[in-house]
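> Please read through the structure below; I'll follow up with questions.
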Amino acid sequence: MAVDSQLSSPLPPPPSDKDAKALRFIEEVTTNTDAVQQRVLAEILSRNANTEYVNRFRLNGATDRDTYKSKIPVVTYEDLQPDIQRIANGDRSPIFSSTPISEFLTSSGTSAGERKLMPTIQEEMERRQLLYSLLMPIMNLYVPGLDKGKGLYFLFVKAETKTPGGLVARPVLTSYYKSDIFKTRPYDPFNDYTSPNEAVLCADSFQSMYTQMLCGLLMREQVLRVGAVFASGLLRAIRFLQLNWKQLAHDISTGTLNPKITDPCLRECIVSKYLTNPNPEVAEFISKECSTEEWEGIITRIWPNTKYLDVIVTGAMAQYIPTLEFYSGGLPMACTMYASSECYFGVNLKPMCKPSEVTYTIMPNMGYFEFLPHDTSSPPVLSRDSPPRLVDLADVEVGKEYELVITTYAGLRRYRVGDVLEVTGFHNAAPQFRFVRRKNVLLSIDADKTDEAELQKAVENASSLLRELNTSVVEYTSYADTKTIPGHYVIYWELLVKDEAANSPPPAEILNQCCLAIEESLNSVYRQGRVADNSIGPLEIRVVKNGTFEELMDYAISRGASINQYKAPRCVNFTPIVELLDSRVASVHFSPSKPHWTPERRR
């Protein structure tokens, strides 16, 4: 077992007996990581010994790790898609799981460019709830008094669909919010939300957002934490407040509800429980704060007792950190857990750390986890004849990057999730990981290949040129424009000018330099294509009007994306989306010169 000096410190003493039980569980499973993993794999295989998928590879009832690895291949979604489609079409035979498939969980509509269907079983809901139950005991170690107030969380569901065979298909969080575990949860002062269930469960995104914001404003002094699933979701809520504060203040002042709230259950709930009396004092305060159009620190001005933001700001979400800091006055940002539609993986044992220091401890009871060493210079060749050597959870090495491969109770067997993780240390015998990126190439014109992490870093470097102008990049995406000869990268930027008095965009010269700064930050293959091979044209930045990426999100939601899981795509190639972006372009800028490149810098 590759445990070295990179061990995390023990958890602090728990503040209550209830928390102590949860923390003891964490200590037990992380101390016995390898034994727990062997038990989990044996349970999964013994339960599903007679399923079609494992019999296809002649596992013959074996439950040991060596036999499993020697016979079951490592697969991607494309490998499983024919069997998944059979289930979607109504085949109820035990293909992946001996337990009946209860529904499909859909991946984010913008992840990897396609909407994937993940079969799941009912008991997975309880397993996910177990991970949720660990979050507040961990947080209570670092932030006292969270039982003395409420959480303002912007949570949303998406209208579910059905497969041809009649199974429900919906995002994992929609499944959770619509479950009895969530809807009939007992009162818990540590998980007391301002938003009623009726608001969370309203499928109309405007009505849901409006009433959740309304309740949050009415209980503004009770709010101790503000959150959403992704950082982009919280910024969307702030934008919503900017656009709708007058109507919200009117409702609070008069004790009446916006006629646009037409959902009968939601309207009855808000009117009977939250707008029972006019509250002109709160309405006047909101109007005073919002009418100035000074939005810096608005979160702590409206909700003065907020201790932290509860949002995911790792991976692609890291680019929102400066904007969140602007709106929150520098509040801590807590990333509490690591999860996906395929499986819930682990928790952050130090949730109040800096965003750049976030690591997740994998909980070995959640599934069986393997790790494919990730070497960008020599990617693994996966074939049935020469299966890759995967590393077990307890045997990963600090400092190395791996692609996550999972085996789940719901039926996935050695499935490549597509996430690349870096091992940062261990908590007891359980490794801790930093989320690096999704394993996908975003942009390519010729021999160049630019991934999400590289583009993110390049945009960060270039946006630093805007700081002296009190301007930041609020949102961005990219496009490989091959209509020109040679082709070139196009970066769409939406900017936030923080000095409302000046309210003027950066000079064209500065934005041209931003183009060059992005190019200087990209890999040597790209720069060789620009300088020596002339196979790539000058990089272009298209600055779009404010609100463009909100329109992009609305478009994605209209096509079936989940508002709860939505992430702005870091690369676009779908013609209607490119046309939408181009229709909102305010100015166009090109790199004024070629980036630096010499043969010695080739990789």
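Heads up, the Cβ atoms here are built off N, Cα and C, so glycines get one too.
In case it's useful when we look at the structure, here is the feature table from TrEMBL:
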{"type": "DOMAIN", "residues": "360-438", "note": "domain 'GH3 middle'"}
{"type": "DOMAIN", "residues": "454-574", "note": "domain 'GH3 C-terminal'"}
> Within the domain 'GH3 C-terminal' (454-574), count helix residues (DSSP H, G, I), strand residues (E, B) and coil residues, in that order.
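Secondary-structure composition of the domain 'GH3 C-terminal' (454-574): 49 helix, 26 strand, 46 coil.
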> What mean pLDDT does the predicted model reach across the domain 'GH3 C-terminal' (454-574)?
88
> Go ahead and report the DSSP secondary structure tallies for the domain 'GH3 middle' (360-438): helix first, then strand, then coil.
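In the domain 'GH3 middle' (360-438), the DSSP-based counts are 3 helix, 40 strand, 36 coil.
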